[in-house]
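Colleague: Below is one structure. I have some questions about it.
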Amino acid sequence: MSGPTYDRKIPGISTDLSGSMSCHPTSKDSPTLPESSATDMGYYSSHHEYYQSPPYPQQMNSYHQFNLSGMGATPGAYPTKTEYPYNTYRQYGHFNRDLQTPPQSAVKEEPETEVRMVNGKPKKIRKPRTIYSSYQLAALQRRFQKAQYLALPERAELAAQLGLTQTQVKIWFQNRRSKFKKLYKNGEVPLEHSPNASDSMACNSPPSPAVWDNNAHSSQVNRGQIPQPPLSSTPPYMEDYSNHWYQQGSHLQHPVHHPGPPQSVGAVY
């Protein structure tokens, strides 16, 4: 093994090992690797802190101020934010009160507009009177003869037919009733309201029994004629009494209808 061949192999192996070691240097031969890695880590860490660390505290602070604006947050940080909802609420409530108060005052001032000062004295202004046409007056008069009081559907229908409002129809009927009562009380009922004029208001009550009916029946009994029952309908409980009264009248007719022969004075004495 100590021959020339072995000596030649050893330098070849050493050269191969040195070549391989030169291709793959160790950490001791390359001192820049740790420094570069350290600088790279510091560079990236500094940028990471620069881009990430400021936003999080800012967002947390803003979120904290937003949520705790009215719950003991740092005073003076956002004065407009803490007072904005309260001021808005106060302004909104004040605005609502301003909107609600004018209708009340307007309602109170409505009667004052109808009062006018005449010679230093307040005088109420009367509304203009409604002028009815001849057709409307004739239709209202005909309806008044049928009924003095109208129901709501009837009043609405009549107002629609005549082109009037329901208030105008109601006021006309009220005035007409008061006028009729006044004339009837004074005994000055006009001809149009007489019973012969087919006025239902004058004939609303059932006809009273005539006074001469009893006299007529008594005269018929005296003349011996059987009285006939009247054509007017009578209640059922009155029929028995009337039949009994008629039968009594028929018994009374014999002594009246067949009187005895007159006796002369000479025959008696």
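Even glycines carry a Cβ here, placed using N, Cα and C.
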Colleague: Need the matching range: Swiss-Prot marks region 'Disordered' on one of 90-109, 170-189, 250-269, and I'd like to know which.
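Modeller: That would be 250-269, the stretch labelled region 'Disordered' in Swiss-Prot.
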Colleague: Over the DNA-binding region (125-184), what is the model's average pLDDT?
Modeller: 88
Colleague: From the DSSP assignment alone, can you count helix, strand and coil residues within the DNA-binding region (125-184)?
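Modeller: Secondary-structure breakdown of the DNA-binding region (125-184): 43 helix, 0 strand, 17 coil.
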